[in-house]
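Remarks on the structure that follows.
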2 protein chains.
Amino acid sequence: MDGNVIVGQSGGPTSVINSSLAGVYKTAIDRGAKKVYGMLHGIKGLLDGQYVDLSEKINSTMDIDLLKRTPSSYLGSCRYKLPEISEDRETFDKIFKILDDLDIKYFFYIGGNDSMDTIKKLSDYAIVTGSDIKFMGVPKTIDNDLAVTDHTPGFGSAAKFIAATMKEIIRDGLVYDYPTVTIVEIMGRNAGWLTAAAALAKSDDCEGVDLIYLPEKVFDIDHFMARVKEIAAKGRSMVIAVSEGIKVADGRYVFELSEHVEFVDAFGHKQLAGSAKFLANKIGAELGIKTRAIELSTLQRCAAHMTSRTDITEAYNVGGAAVKAAFEGETGKVVVLKRVSDDPYMCITETNDVHQIANIEKKVPLEWITDDDFVTDDLIHYIRPLIQAELSPIMVDGLPRHLNINA
Amino acid sequence: MDGNVIVGQSGGPTSVINSSLAGVYKTAIDRGAKKVYGMLHGIKGLLDGQYVDLSEKINSTMDIDLLKRTPSSYLGSCRYKLPEISEDRETFDKIFKILDDLDIKYFFYIGGNDSMDTIKKLSDYAIVTGSDIKFMGVPKTIDNDLAVTDHTPGFGSAAKFIAATMKEIIRDGLVYDYPTVTIVEIMGRNAGWLTAAAALAKSDDCEGVDLIYLPEKVFDIDHFMARVKEIAAKGRSMVIAVSEGIKVADGRYVFELSEHVEFVDAFGHKQLAGSAKFLANKIGAELGIKTRAIELSTLQRCAAHMTSRTDITEAYNVGGAAVKAAFEGETGKVVVLKRVSDDPYMCITETNDVHQIANIEKKVPLEWITDDDFVTDDLIHYIRPLIQAELSPIMVDGLPRHLNINA
């Protein structure tokens, strides 16, 4: 093994992004890496000279197992897009200088769309300057909006948390004997994959969600109100899943509709209610039905106590596969998941040119959204295998144990 | 065994209220009850003639175990307070007629403050009319605000969910290398027990919550802003726990402060932001710090996938103890928990006159709240045993399985 390894994490964290970090670290060590560095706060932190020697932090197989169960980015994160090479070579020269000083030969970056842009630019720049450093992208995002890959690590665990939580919210929401409306707002500004996961709640022990609205399809408020009225008229309580990013026909987000009235907070700022809150208010005001709006919020991406074993294993595997590929000479690639069988579910890893992946958003196909405000069985069958099985948290004194770089 | 048994659930549901139902049902059957009826939607439903024969619904020990793991009220719930006996004997006569028609000799009601009022009035009325029906209260509430009992079943599991979730939110919230503020709003309009549970997140693998604000103590906004500024000045991100019920010196809730500006939604209604949202807006506007407000919302009381084994066992035991006491002739009582040892933690059940419990709210003692916006070790030591151990969900096809009376 010639040279050292560095790995970073970037973008919004997930419940399993650290499992990919574990996969990179463990595989690199097992395959003979001398040193494995971790960038702190991604490429932005590296530019400021922030990094650690990971072997000083991760000391045992127990640490590896805790790392897999630790939500958010162990190494910290950043939201930073590298400049275009043509506009600012200085930043790139600075990064390569830091890498050379640490004798880095292998560079791994775990992240979503924007992070893959970092791999693209750095590997392009390596070609320009003749650097032999290998750059590999390791995908993660709860949003599942990355191109080429069957799905992204992080999505399955978020989907499992959402589906499990919806089952619990449905039990809670149907408890009274008069109609109530519970609207649950789910993450995904442009892609509805996570909101679609709410459909998985339906089973022989659960009534399921009544209506599901994804951002891919224009949201018709009048139609929505009519559906709610229709269900309430049967005396039924209902639970509805909406994406934070649903939009009306003129292109405005639903949560932007409140901008058109006085909606100014104590500090003179227009405050926008979320989509769910806006719709709950409207139902309460116009139909006189008791409503509740719930935002699943950050919990969707950090509920490490309820991850999918399938997801966490795949997250580990894409990290390991990136190391294997880089050590074998690949660069400018992203590891992707390829579903080779539906039943039984089987996925393998492949590598793919980063140029086909960076900055592209994969949305839910319109044919997977039904006219009766739900999703098709095809979509449910696509997601179902990704939420299977669990990785039990390691509980200490009543709470899940994590690995904390600051502790 | 003479006569039959009826049991109902009332008020806001919890993750473990069905464990108490399981305790009542199983103990009654084991002790020779002929029939165990379940009121649907509490006393309100019973008044409308809604009840089921539970032995037709709960068919196996597997069902009992699923029931323990099912959140919300299996039998449905109501929010209904019986009238005063002196004002409306008709309602009472109607209830007793229904009970007599079903040959009920034992009546169990699982609920909080208001539900204990139902037990008080029914047992009082039984004395007035010479009825020999035994009435027993089984306590539940996530709010832990019931008098006499050491704590209430339901609190430990909500506290565990809150503490575990705070650990995850803290990992997520500290991920960037510039100061951010995450404010988490926790249930409990008048009692701060649940918000205090956020303190349990702090441990050798977790920085813990920075500041905690309970409704028992006047909330000083200027002081709060100064504390946030002080922590941000050190370059640190922070996570803050606030009760939904925090109030300023003049007695207004923090979430009511936004009433004093234009805050009108599309339907002409004044919309109140939650406490967390209000404070996050204020910090963003006045200190220019990136903020996020999170409402834990309904999840606190229905996250049955993450319950405390201690809590769920105690919930079962108070149900069973109520049956034992009633079968031995007690009436007009509530089962309470008495802590007989702190270390090792041990709790026993006792029965207590319902008149000392109904309609009384137990708050956090002021001496357990510190001047530096946190809670004392005494408070943490009080809660810690209540979150210990787990009851694993029974996972089917990737999701927790429930028992559904409608399925």
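Here the Cβ of each residue, glycine as well, is placed from N, Cα and C on the backbone.
The active site, proton acceptor annotation in TrEMBL covers A:ASP143. Annotated diphosphate binding site per TrEMBL: A:GLY12, in sequence order. Sequence annotations record features per position, and here TrEMBL assigns Mg(2+) binding site to A:ASN113. The annotation substrate binding site is assigned in TrEMBL to A:THR141, A:ILE142, A:ASP143, A:MET187, A:GLY188, A:ARG189, A:GLU244. The domain 'Phosphofructokinase' annotation in TrEMBL covers A:5-325. Feature annotation from TrEMBL assigns site 'Important for catalytic activity and substrate specificity' to A:ASP114. What TrEMBL records for A:LYS140 is site 'Important for catalytic activity'.
Residue environment of A:ASP143 (active site, proton acceptor) contains 26 other Cβ atoms, counted within 10 Å of its Cβ in all protein chains. A count of other CB atoms within 10 A of each Cβ picks out A:THR141 as the most crowded of the binding-site residues A:ASN113, A:THR141.
Between the two most distant C-alpha atoms of the annotated substrate binders (A:THR141, A:ILE142, A:ASP143, A:MET187, A:GLY188, A:ARG189, A:GLU244) there are 16 Å. Here the binding-site residues are A:ILE142, A:MET187; the one with the fewest Cβ atoms within 10 Å of its Cβ is A:MET187. Rounded to a whole value, the Cα-Cα separation of A:ASP143 (active site, proton acceptor) and A:GLY188 (substrate binding site) is 6 Å.
On the backbone, the CA of A:ARG189 (substrate binding site) and the CA of A:ASN113 (Mg(2+) binding site) stand 14 Å apart. Looking at A:ASP114 (site 'Important for catalytic activity and substrate specificity') and the residue listed as 'diphosphate binding site', their Cα atoms lie 10 Å from each other. A:LYS140 (site 'Important for catalytic activity') is 9 Å away from A:ASN113 (Mg(2+) binding site) when you measure Cα to Cα. The number of other CB atoms found within 10 A of the CB of A:GLY12 (diphosphate binding site), across every protein chain shown, is 23. Residues belonging to the domain 'Phosphofructokinase' (A:5-325) score a mean pLDDT of 94 in the model. Using the Cβ center of A:THR141, A:ILE142, A:ASP143, A:MET187, A:GLY188, A:ARG189, A:GLU244 for substrate, the list of other same-chain residues with Cβ within 8 Å runs, in sequence order, A:ASP145, A:ILE186, A:ALA191, A:TRP193, A:LEU194, A:GLY245, A:GLN300. Within the group of recorded positions (A:ASP114, A:GLU244), the Cβ with the highest number of other Cβ atoms inside 10 Å belongs to A:GLU244. Considering only the recorded positions A:LYS140, A:ARG189, the Cβ with the fewest other Cβ atoms within 10 Å is that of A:ARG189. A:ASP114 (site 'Important for catalytic activity and substrate specificity') carries a helical DSSP state (H, G or I).
With respect to A:LYS140 (site 'Important for catalytic activity'), the closest of these binding-site residues in Cα terms is A:GLY12, chosen from A:GLY12, A:MET187, A:GLY188, A:GLU244. Note: A:GLY188 (substrate binding site) has non-local neighbours A:ASP143, A:ASP145, A:LEU194, A:THR195, A:LEU214, A:PRO215, A:SER243, A:GLU244, A:GLY245, i.e. same-chain residues 6+ apart with C-beta under 8 A of its own C-beta. Separating the Cα atoms of A:GLY12 (diphosphate binding site) and A:MET187 (substrate binding site) is a whole-number distance of 12 Å.
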